[in-house]
Amino acid sequence: MQESTLMLFAVLVPLLPVFGFVLTLFAGRKLPHDGALIPIVAIAGSTVLSVVLLVAIYPTGMALHYSWHWFSFVNIGVLVDPLSVAMICMVSFVSLLIHIYAVGYMKGDPGGARYFAETSLFTAGMLGVALADNLFLFFLCWELVGLCSYLLIGFWYRKPSAASAAKKAFLVTRVGDMLFLAGIFVLYANMVNVAPQSPYPLALTEVFRYVSAIPPDQLTLIALLFFGGAVGKSGQFPLHIWLPDAMEGPTTVSALIHAATMVTAGVYLVARTFPLFIAAPHALTVVAYVGAFTAFFAATMGLVMNDIKRVLAYSTISQLGYMMLALGAGAVVGVVAVGIALFHLISHAFFKALLFLCAGSVIHSTGTNDLRLMGGLYSKMKITAITMLIGAAALAGIPPFSGFYSKDAIIEASLEYGLVSYHFLPYLLGIITVLLTGIYIFRLWFMAFTGTCRLPEEQAAHVHESPAVMTVPLAILALFALLFGGVVNSWLAHNAFVDYVSSTFGTNVLSLDIGSLAAIGGHVLVHERAVSTAVALLPAALALLGLFIAWLIYGKRVVAPESIISHRNSLYRLLINRYYQGVVCDIISMDVIFGLARLARWLEGTLINGSIWLITVLGFFFGELLRRVQSGVVRNYAAVVALGTGLLILGLELWRWL
């Protein structure tokens, strides 16, 4: 297939959902199912084109790049390589299944047409992020994703909690966005200095070409600012606080945000600009520690949440932390970290979309999010229960489910990172989180599907399995959650996916050989990933232990949950209150920010307004003096001229004498 045809396909991948957005927005209300067929067809087209691109570049892994002149300092274009193609295949396919599921889930909602229009634009924004060939276009699509998340989280805007959650998400992620934008400015300033002949200093290919010429301290600053943007978008500590509240939107929105769009954008940013991070190993250390701590921190809160969607929200934060940990380990394992992080990102997309859609099926049937009111749903919702069990096993990392392979690769990379750099804490936090993940996700499953139903009788009588339009996507996602990791891991050779993405990203895309990348990053890329079988199987053993503990407490009830989970327990109070983050945020907002606002008001009222008032008074004073001098009497003017002339002559004589 000709390169020009492939480039046309790449451009159409994000444009088709944009067309779907426009058509659905204006015609959706007049069509069956609120015009859902329009975005479904558009995103299906993007999925087909993405697969065509994948098949086309697979044999060589070579990058295809095409751009069009836009402004004097930037082009607009697409970069098609193993990293971006894998991303668009995942985004379009998972989004397609979520849109099909939403036909049943959003049935009867008065804002259905608006919903499908916004989700189509949301998908387009994320596809644009994946394919952007320069940081200017990347940032525009990045902001489009943020705007759509605001609209969809606040979809039921008449509900105060939804409107508040949307504003919170918008404002918190703006903090990260400002850091990202600052990083782009710093990078642009450096590129202008080191490559004045480069016509487009924000093009990724240009940045990668001249990365070794940028001063190390500037590279570290740029990498940290970019990571700040990723922290906001991907819900990493401390900018994670918006993500649990984002559950106020429809469950399908939660699935889209947590699996295919929005939160994966931050991880993709670090992966896409990884050459900058390799050249700034101190920044990668920060990435590793923040990712590991976030994974552990969020998992502890997932242990006690009673809202089924909030448990999954904290699991997303935790899994994103794992992806950041993998990228941080790149300070030792090099560009292999990109392949590992992308492997888990795609694997996570399948089982997290599955888990959220299963949760939506449960909520759709029971009318509640509260796990304490559920129980015994297995007998009435077998398809949902079985598919959610598959998703839970994949999330926990139990073999042979997909999460086992991708998470195991992260744990191995973090161990190697610790052995070489002596930073063992990220590995320890990562391995403990495996156990916690197994406990909280199977706690959710046992509370929802086993035991006796705790719903009121009238409500329990209406519990039923969801329609086929909702269960078929569940079955497809369950298949991928079961098989994706094993199939990809055994593709051509062991760890073939990771090796393929890493090698092509490190050579063809960057136009650098392995030795050059190693020279930029110091000792990276020189260590082989080899660990003992016992160490490799430890994550699986801990995941199974987590399942066993959850079964004992919530399935078999050998130990009454009430004896462990009690408000008299100080640890439980700490976790259920989310480490009192709300109190800390209130202190920061009410005391610090409002204090600064009061100081700014005083400065404005006293100094600035006072200065303006003083200038006004002085103006009136000197104006009055001049008015009196301008009397209109000629002899007074003559006297002033004579006096001035005399003083001038006297001054000149004194100057000459001195």
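Each residue, glycine too, has its Cβ placed from N, Cα and C.
A TrEMBL annotation is a machine prediction, not a hand-curated record.
The feature transmembrane segment, as given by TrEMBL for the ranges 219-240, 505-526, sits at 505-526. Regional average pLDDT for the domain 'NADH-Ubiquinone oxidoreductase (complex I) chain 5 N-terminal' (74-116) in the model is 91. The transmembrane segment (6-28) is not in contact with the transmembrane segment (467-493), judged by fewer than 3 CB-CB distances under 8 Å for residue pairs 6 or more apart in sequence. Sorting the domain 'NADH-Ubiquinone oxidoreductase (complex I) chain 5 N-terminal' (74-116) by DSSP state (H, G, I as helix; E, B as strand; all else coil) yields 29 helix, 7 strand, 7 coil. Sequence-distant contacts of the transmembrane segment (35-58) (same chain, six or more residues past either end, CB-CB distance under 8 Å): 1, 6, 9-10, 12-14, 16-17, 19-21, 23-24, 27-29, 64, 80-82, 85-86, 88-89, 92-93, 95-96, 99-100, 102-103, 106, 112-113, 116-117, 119-120, 123, 127.
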